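Features reported for this protein in TrEMBL:
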- 1-105: region 'Disordered' (REGION)
- 1-11: compositional bias 'Basic and acidic residues' (COMPBIAS)
- 29-40: compositional bias 'Pro residues' (COMPBIAS)
- 43-57: compositional bias 'Polar residues' (COMPBIAS)
- 73-87: compositional bias 'Low complexity' (COMPBIAS)
- 128-251: domain 'OTU' (DOMAIN)
């Protein structure tokens, strides 16, 4: 996929057959870093309401009441990332995800060897293990689900919450979508439709955690959300052959549940029931926060009306 400055952005390639594509790359050079959206103008920032609160993600789909969303104090381009603006890219005008139509990559012996060497290097240098995701179009969301909840099969929840967040923050994210924003979000909700840099930026904001992207290097090639002040460890993903994401885990320091406000996801024996219970607890807390914030809002409104009278 090409961004508007004429450079490739990290995304995934649609495989029409639905079969996993082999690991590898056509090029001997590592792929370029996926560039996140640039920060919005000061006018857009001023139009947003900011307050302190939970940095947890929210319920996918409808809820009992309006759900409190994680608060973003400012938006800045991650360090060493070149911002892109799809609106200036004439070749793909009207369609923001041409990568979804690209053919799959074909691996070779050299590509497989580079993958093997990368796994060895990153394990020996910084103690990270590559946890492979299925190459089925859900790998970005599955890798993030594995990092956050310890269960890659929660990819569908991550996908829906990500698009919910983008729709909530439409004024910001619509700046980086060339096609109709509604149709873009509708397509991205579909199973096996690939995520790209816009979704990565949204995910980093949702969880208030930096997202570090590694690609055949022991140093991240790109960092999303890197300028935010947070004590939570980053979400670490590896980017392969220009169209695939895996999860990078540290077996000695698991970060499952980091920053979510609950402690039930700990240790190495996290099962699916724990994940479901943790997500439900998180969603219920978001609803309670929203109701509390709504009550405070109307109390302030009533007080203002009385003062005017």
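Just so you know, glycine gets a Cβ as well, placed from its N, Cα and C.
The residues of the domain 'OTU' (128-251), classed with DSSP into helix (H, G, I), strand (E, B) and coil, number 53 helix, 22 strand, 49 coil. Summarising model confidence by region, the domain 'OTU' (128-251) averages a pLDDT of 94.
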